[in-house]
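Sequence annotations record features per position, and here TrEMBL assigns domain 'Aminoacyl-transfer RNA synthetases class-II family profile' to 1-357. The L-histidine binding site annotation in TrEMBL covers D71, L72, T73, R98, Q114, D118, R267, Y271, Y272.
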Amino acid sequence: QGTRDHAPAQAALRERLLSAVVSCFKRHGAAAIDTPVLELREVLVGKYGEGSKLIYELQDQGGELLALRYDLTVPFARYLAMNKITNMKRYHVAKVYRRDNPATTRGRYREFYQCDFDIAGQFDPMIPDAECLKIVHEILSDLQLGDFVIKVNDRRILNGVLAVCGVPENNFIPACSTVDKLDKMPWEEVRREMVRERGLSPEAADRIGEYVQLHGGLDLIEQLLQDPKLSQNKLAKEGLGDMKLLFEYLTLFGITGKISFDLSLARGLDYYTGVIFEAVLLQQDNEHGEEPASVGSVAGGGRYDGLVGMFDPKGRKVPCVGVSIGIERIFSILEQRLEASGEKLRTTETQVLVATPQKHLLAARLKLISELWAAGIKAEMLYKKDPKLLKQLQYCEDTGIPLAAIVGEQELADGVVKLRDVATRQEVRM
């Protein structure tokens with residue numbers, strides 16, 4: 001199944017997730033923008049490394065070659081270039097499309113939502129990058145998904161490592177794609193792919209292995225700054241200097257406990273130019289003995305300073321950094337937890353059901369519910385002329401509506417409404 005049909009409870013859960021993510025984006029001052037689902041094929045092709053083969057390609061009746069958007073980043077860069085915008089903080093929540101083999105148990109679909117936050121503009125180093133990492137930390141903490149780690153690296157450091165290990169520059173991107181598999185495959189398999197499929201010498205692969213299996217924090221950055229080979233490489237030195245600065249800002253934000261400088265992180269997209277990061281859930285609370293949901297990374301992003309220039313006729317660059325939250329993967333985890341706990345999820349936000357205990361009181365219900373709606377109160381009633389009171393109260397229990405506003409003949413005569421707490425069955429007249 002390439003796309004997903006959501007039952008009301010699932011749709012309600014996803015809406016809550018999206019609302020929490022958007023609230024965080026707005027808290028950081030981002031404005032909402034939208035881009036078309038369809039792009040010219042040439043806009044998307046060549047931007048995603050090995051992911052390009054997953055682009056949905058289309059052809060319209062006029063013979064124009066089109067494609068469904070693969071992510072929200074490339075269309076954003078195209079939007080900035082076309083509108084000559086050089087400074088923007090934006091968020092975008094929308095569906096993207098990938099011609100992948102769906103793995104629905106792991107939250108992987110062909111049609112799915114992405115939630116993106118991006119900062120475009122010329123700013124002092126690492127300040128916007130640090131804010132993007134802070135946003136990932138805030139969202140994953142707010143959603144209470146369990147323990148997580150945000151892996152951080154820099155494409156310049158990775159390219160520097162490949163250079164000092166003897167990898168030709170035209171082989172950097174394929175080598176990066178292979179390194180990126182270290183979170184799914186042991187080093188021996190990654191090394192084998194480097195030698196057999198990427199054409200690297202066994203000696204070069206071994207030297208790469210000494211670096212890409214390292215992870216740590218400021219201490220590791222300091223250690224690599226003193227590395228006799230890396231310190232001689234201009235790209236790596238720049239990247240390590242910025243990484244040190246980034247960790248200083250993350251320390252001020254108080255989130256370094258969840259950040260790991262990880263040299264194996266490569267992120268397979270071609271457009272990254274600097275800092276890259278990926279958030280991974282470490283474990284799940286698993287009290288019921290089920291297999292934990294294996295969903296991979298739940299957020300990722302990085303700096304892409306050259307992408308806007310690809311769409312500008314004069315090649316003008318706009319530095320950008322951004323993050324994407326994988327809401328469908330997070331959704332899969334929370335959905336499994338809800339099923340395991342047996343907890344019922346409310347599908348609506350209805351606060352009160354307007355009910356009547358006797359026949360011929362539809363007019364009273366319609367009048368009262370109209371007053372409640374006008375006052376901004378979320379209210380419902382059953383679409384029957386004369387429903388039984390027991391059936392109305394049962395509907396409240398089934399759907400989780402906390403209150404019933406009951407108006408019968410006696411209440412009409414007294415000019416009151418009986419308000420019933422559905423859970424405790426306590427009643428007050430108002």
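Glycine is no exception: its Cβ is also placed from the backbone N, Cα and C atoms.
Within the model, the domain 'Aminoacyl-transfer RNA synthetases class-II family profile' (1-357) shows a mean pLDDT value of 88, rounded to a whole number. Within the same chain, residues at least six positions away from Y272 (L-histidine binding site) with a Cβ under 8 Å of its Cβ are R155, G302, R303, Y304.
Binding-site extent for L-histidine: residues D71, L72, T73, R98, Q114, D118, R267, Y271, Y272, maximum pairwise Cα distance 21 Å (rounded to the nearest whole number).
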